[in-house]
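Engineer: Checked Swiss-Prot, it gives:
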- 1-37: topological domain 'Extracellular' (TOPO_DOM)
- 3: N-linked glycosylation site (CARBOHYD)
- 22: N-linked glycosylation site (CARBOHYD)
- 38-58: transmembrane segment (TRANSMEM)
- 59-80: topological domain 'Cytoplasmic' (TOPO_DOM)
- 81-101: transmembrane segment (TRANSMEM)
- 102-108: topological domain 'Extracellular' (TOPO_DOM)
- 107-182: disulfide bond (DISULFID)
- 109-129: transmembrane segment (TRANSMEM)
- 130-153: topological domain 'Cytoplasmic' (TOPO_DOM)
- 154-174: transmembrane segment (TRANSMEM)
- 175-192: topological domain 'Extracellular' (TOPO_DOM)
- 185: N-linked glycosylation site (CARBOHYD)
- 193-213: transmembrane segment (TRANSMEM)
- 214-292: topological domain 'Cytoplasmic' (TOPO_DOM)
- 253-274: region 'Disordered' (REGION)
- 259-274: compositional bias 'Basic and acidic residues' (COMPBIAS)
- 293-313: transmembrane segment (TRANSMEM)
- 314-329: topological domain 'Extracellular' (TOPO_DOM)
- 330-350: transmembrane segment (TRANSMEM)
- 351-419: topological domain 'Cytoplasmic' (TOPO_DOM)
């Protein structure tokens, strides 16, 4: 295997015949670096196919209907498998053959599918973050976010991925040393700069902004929910001060009970007006688990794509860096393919409770209930929210029952009295 000049790993880095100041630049590969790159690509392709296949098999074994999160994991696994089959594998074949063996139609199809798969992977990741955002930040709307809407939203994301890949159809075959190379049709330096910025914004920068917004809001709402629990406990403590007041008179016992409940309700409503999430039961552990899962996937997306696009933009404006091929640059150019390998192992690492369907839904509490409903609610929450305060509620409940019995006995005695 002799030294040769070939196309770089990724179609966006057009270092094969880069135009810089009207001068065509051909980066040189050595044989050892080419062998290393092919070996790493083969390993990445196998890991992506094997890991995502395991995830799909695990979900297929489940006999129950898939939840929204599980359905999105299926879509992510399918897109990662498509990256391995239609992006990594064609790149391996092209690097082994050195030259492109097809015609112009095959060249355009190759340029289109290799980039469309990466668009699809990024956009489906955004849909996953959107699902978590609706589930956590808008729990009432989440009940209308059915599996059918997940299918429709994912289909829209895939359609946008195909639309964003249309510029790749403008590809050409370049004659080089007795063979042909397939590359985008970038005849001027300005076209190359516009092409690089389009790839940077559509695949990395805009998705990154959306992911930061979704997960920023999720973290804020989770923090608010935790703070709301503390507010609920403090309001419960203030309500207990009313409950501890002794019952002085049999006649005013029912009225004082109603006043205590009214004061407790007013305090809770006042706190909920400041913090709407304080009236909720909080974010469940299963939702926290899915947040950690999707956050890990997004973190891997950022780690893998940031160095790659940094090199892409640096090569766009630096002619010397554009023609350089060092092991460090090759490793950085391989990172986008690594993202498809890490996702399935993240899913399996969080498989403890993610695969389990949530049996109950969290509904926000309302405060339009009757006096008896409030007393039952307070009694039901004695083990979690108020702790030892249940003793006070129980004692007052017993006192009310005793007063009612005393009233009944007194009435019976008066009716049976000969006077």
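Glycine too: its Cβ is placed from the backbone N, Cα and C atoms.
Tell me about the setting of these features in this model.
Structural biologist: Taking Cβ pairs closer than 8 Å, the transmembrane segment (38-58) reaches residues 9, 73-74, 77-78, 80-81, 83-85, 88-89, 91-92, 95-96, 334, 337-338, 340-341, 343-345, 347-348, 351, 355 in its own chain, all 6 or more past its ends.
Residues 48, 52, 117, 120-121, 124-125, 127-128, 131-132, 135, 145-147, 150-151, 154, 290, 297, 340-341, 343-344, 347, 354-355, 357-358 of the same chain lie 6+ residues outside the topological domain 'Cytoplasmic' (59-80) yet bring a C-beta within less than 8 angstroms of a C-beta in it.
Under 8 Å from some Cβ of the transmembrane segment (81-101) lie the Cβ atoms of residues 4, 6-7, 9, 34, 37-38, 41-42, 44-45, 48-49, 52-53, 107, 110, 113-114, 116-118, 120-121, 173, 176, 179-182, 337, 340, all in the same chain and six or more residues away from its ends.
As a summary of secondary structure, the topological domain 'Extracellular' (102-108) carries 5 helix, 0 strand, 2 coil according to DSSP.
Cβ contacts within 10 Å of residue 182 (disulfide bond), excluding its own Cβ and spanning all protein chains shown: 24.
Non-local neighbours of the transmembrane segment (109-129) in the same chain are 11-12, 69, 72-73, 75-76, 79-80, 82-83, 86-87, 90-91, 94, 100, 102, 150, 153-154, 157-158, 160-162, 164-166, 168-169, 171, 182-184, 199, 202-204, 207, 210-211, 214-215, 294, 297-298, 301, 336, 339-340; each lies 6+ residues outside the stretch with a CB under 8 Å from one of its CB atoms.
Residue counts for the topological domain 'Extracellular' (175-192) under DSSP, split into helix (H, G, I), strand (E, B) and coil, are 4 helix, 8 strand, 6 coil.
Long-range neighbours of residue 185 (N-linked glycosylation site) (same chain, six or more residues apart, CB within less than 8 Å of its CB): 170, 171, 172.
Within the chain, the transmembrane segment (193-213) has long-range Cβ neighbours (under 8 A, six or more residues past its boundaries) at 12, 14, 115, 118-119, 122-123, 125-126, 129, 164, 167, 184, 186, 298, 301-302, 305-306, 309, 312-313, 315-317.
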Engineer: Mind checking which residues reach the topological domain 'Extracellular' (102-108)? Cβ under 8 Å, same chain, six or more beyond either end.
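Structural biologist: Sequence-distant neighbours of the topological domain 'Extracellular' (102-108): 168-173, 182.
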Engineer: Tell me, what is the mean pLDDT of the topological domain 'Cytoplasmic' (130-153)?
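Structural biologist: The answer is 84, the mean pLDDT of the model over that range.
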Engineer: Show which residues of the chain containing residue 107 (disulfide bond), separated from it by at least 6 in sequence, have their CB under 8 Å from its CB.
Structural biologist: 100, 171, 172, 173, 182
